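For reference, the structure discussed in these notes is given below.
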Amino acid sequence: MMETVHQSLVNQLSEITINKPTDIKLQPQNGEIMVKKGSGRTKIRKGQTDAEYGSQKQQFHMEGPMLNTKTWLEELDVSKIDPNIKSDRAKLESLTERLYFKRDYVKCLETTKFALELFKDLNHKKIKNEIDELEYLKSSCSKKIETVQ
Amino acid sequence: MTKIEPRNPENNPIRIIERCRKEGRPVFIAGPMVRYSKLPFRSLVREYNTDLVYSPMILAREFVRNEFARLSDFTTNNYDTPLIVQVGTNNVTDLLRFVEMIHPFVDGIGINCGCPIKEQIREGIGAALMSEPDLVSDMVYAVKQKYGDKVCIETKIRIHPDLNETVKFVQKVEKAGVDFITVHGRTKTTRSSQPANFEAIKLMNESVSVPVIANGDCFSLNDAYEIVKKTKVDGVMAVRGILDNPALFAGYEKAPWGCIEKFWEYSTSYGLTYRLLQHHLSCMLDGRIPKELYKEMMDIKTLAQLIDFFDNNFILKRSNEEGFGTGIEIPFKTQRALHI
């Protein structure tokens with residue numbers, strides 16, 4: 001019983017909703033702050049400890065911001081694409097679009113087929129737009145290559 | 001792997017303002033737009049006489065806590081300069097951490113005190129800060145204390161219904177060490193259909209000695225010069241106007257076709273979410289192509305289909321083709337399309 005009550009308190013502490021903001025002491029040095037909800041009640045946004053910030057800072061210091069050069073998409077190592085990560089799928093999709101825009105239909109078709117194969121085990125209902133576009137590219141590239149030949 | 005180069009001190013916004021003063025002309029600025037001031041658009045407007053470019057507002061709280069937020073909110077490259085990153089924040093700690101992380105990759109940092117979106121105001125961000133002059137001053141002071149001239153800090157504000165309150169506000173942030181101030185000539189509840197109050201901007205400019213930039217109702221190069229004439233400020237920021245016409249500061253009345261070609265090139269090489277690309281193109285082409293063609297464009301669901309739509313209806317040159325990026329009028333392919 002005590003454990004259940006304790007867990008419940010822990011859960012509540014992640015985003016406390018209170019009626020009397022003056023009852024709560026904030027820790028502004030951690031970025032903890034009180035904000036208003038649409039209902040007029042007050043909510044505390046959790047702070048960030050020095051250790052948590054330190055690890056974020058270190059990651060950003062090591063890797064830096066995302067650099068998008070004019071050729072970054074075409075230089076992608078597609079073998080490292082994880083189909084379960086949305087941003088990875090988006091990179092591969094952007095690459096197919098870039099190749100299609102450049103009218104490099106042979107390479108676009110090859111990349112599109114690779115993407116369709118990579119995404120085949122994913123839930124297609126959840127990524128319908130992505131699959132629709134890849135199917136469109138596959139069909140359109142094939143037709144354009146045939147026309148040229 | 002490409003590495004980001006150190007910032008060029010000549011691209012510090014204050015140096016740019018000084019340079020423009022010497023040249024006897026205002027500074028031309030593309031303001032921050034939620035969602036739309038992404039890397040391809042920033043690169044585009046720099047090709048058309050825009051001196052300073054803002055990023056969309058980035059929430060400090062998310063940026064310092066979440067790697068995915070950083071990846072989705074901030075992409076850049078070595079040509080993405082001069083750049084001011086706009087930050088949405090409501091406390092000194094998040095701001096200092098944000099500045100520490102991002103300042104090596106930008107030329108200036110602007111605190112958003114003007115965003116009227118109610119979700120942000122509830123969080124104490126954006127225009128909510130117009131009621132918190134002490135907090136804004138504390139934030140500016142904390143950054144300047146830590147970084148001095150190494151970090152250029154700006155505040156973008158709106159005016160209050162009582163202009164005396166705004167005068168006190170700008171004087172307070174000036175005392176805290178702000179490098180320059182952008183004033184949007186509307187209150188947080190004034191609709192954009194109402195004209196901007198340039199008298200108020202002029203008053204703010206007279207109330208401080210740091211440079212002031214005017215924001216509101218700049219839809220052409222002529223507007224920019226008229227605004228400077230009315231307000232005597234150092235520069236003009238365009239937002240809605242430059243979204244419709246990214247070549248505004250180069251004197252074009254409407255987005256020239258070459259600008260649309262360049263936008264395609266930047267968007268597909270740097271990468272841009274389809275809906276954002278479609279929205280930009282719809283702003284640039286609204287009222288300039290037949291309604292049924294415009295509707296057809298807006299109904300398209302994928303970027304690949306949009307490429308085909310453009311190639312079927314217009315002559316869209318690629319960067320390796322002669323004449324790329326130089327056209328002015330829309331080069332329709334069909335007679336049908338000639339009737340707007």
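The backbone N, Cα and C atoms fix where each Cβ goes, glycine too.
Binding of FMN is annotated in TrEMBL for B:Pro32, B:Met33, B:Val34, B:His184; the matching candidate from B:Gln86, B:Gln145, B:Gln171, B:Gln194 at the same site is B:Gln86.
Within 10 Å of the C-beta of B:Pro32 (FMN binding site) we count 26 further C-beta atoms, all protein chains included.
Listed in sequence order, B:Pro56, B:Met57, B:Cys115, B:Ile117 are the same-chain residues at least 6 apart in sequence whose CB falls under 8 Å from the CB of B:Val34 (FMN binding site). According to DSSP, B:Cys115 (active site, proton donor) is assigned to coil rather than to any helix or strand. Across the recorded positions listed here (B:Met33, B:Cys115), the residue whose Cβ sits among the most other Cβ atoms within 10 Å is B:Cys115.
Taking all protein chains in view, 27 other C-beta atoms sit within 10 angstroms of the C-beta of B:His184 (FMN binding site).
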